[in-house]
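Here is what Swiss-Prot says about this protein:
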type: TOPO_DOM; residues: 1-43; note: topological domain 'Cytoplasmic'
type: TRANSMEM; residues: 44-64; note: transmembrane segment
type: TOPO_DOM; residues: 65-92; note: topological domain 'Extracellular'
type: TRANSMEM; residues: 93-113; note: transmembrane segment
type: TOPO_DOM; residues: 114-124; note: topological domain 'Cytoplasmic'
type: TRANSMEM; residues: 125-145; note: transmembrane segment
type: TOPO_DOM; residues: 146-177; note: topological domain 'Extracellular'
type: TRANSMEM; residues: 178-198; note: transmembrane segment
type: TOPO_DOM; residues: 199-206; note: topological domain 'Cytoplasmic'
């Protein structure tokens, strides 16, 4: 709207001889350049957008898989004791959160490729922003829940009488720690996607 007003005002001044007509042409070129950014920069932005989504899929899939497959059986005082992720509701929520984020990120790859090849609009980025914001909140909630239980499992809580178990279940705890690392990495990727989508959606004209 500002560019259109600037051009109309320049035309008015040029009509009455206040502005030389050469400035009218320069103003039109400048406005067109600012409204239409270089194609190479836009393609680079969309390429980075797609790469971040692929990295998000990889990180969330790895986090969910490592958590689901984390189990270990040890013998304590002659008794077989097994540790599995399904024994903790926080770990199950963590697995579901990353699995959902992975599936939804795969689905958003199709519109992301569509933006790359068929052109993009601020409204499309606004819907991607809403999706990324929801997925970021979901992954962060899963990370927070699993981190709290993992901390108790590694260090225990003397005040509550909870003993640390990672001294006996070292392999199990290591897989959970790696799973958390991948999930936090996925959170960073989704955060970057949220910022990028929000920046593009600001161009919506109301």
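Numbers run from 1 along the shown chain.
Cβ atoms here come from the backbone N, Cα and C positions, even for glycine.
Ranking 44-64, 125-145, 178-198 by CB pairs under 8 A with the transmembrane segment (93-113) puts 44-64 at the top. Helix, strand and coil residue tallies for the topological domain 'Extracellular' (65-92), in that order: 11 helix, 12 strand, 5 coil [DSSP]. Across the topological domain 'Extracellular' (146-177), DSSP classifies residues as 18 helix, 2 strand, 12 coil.
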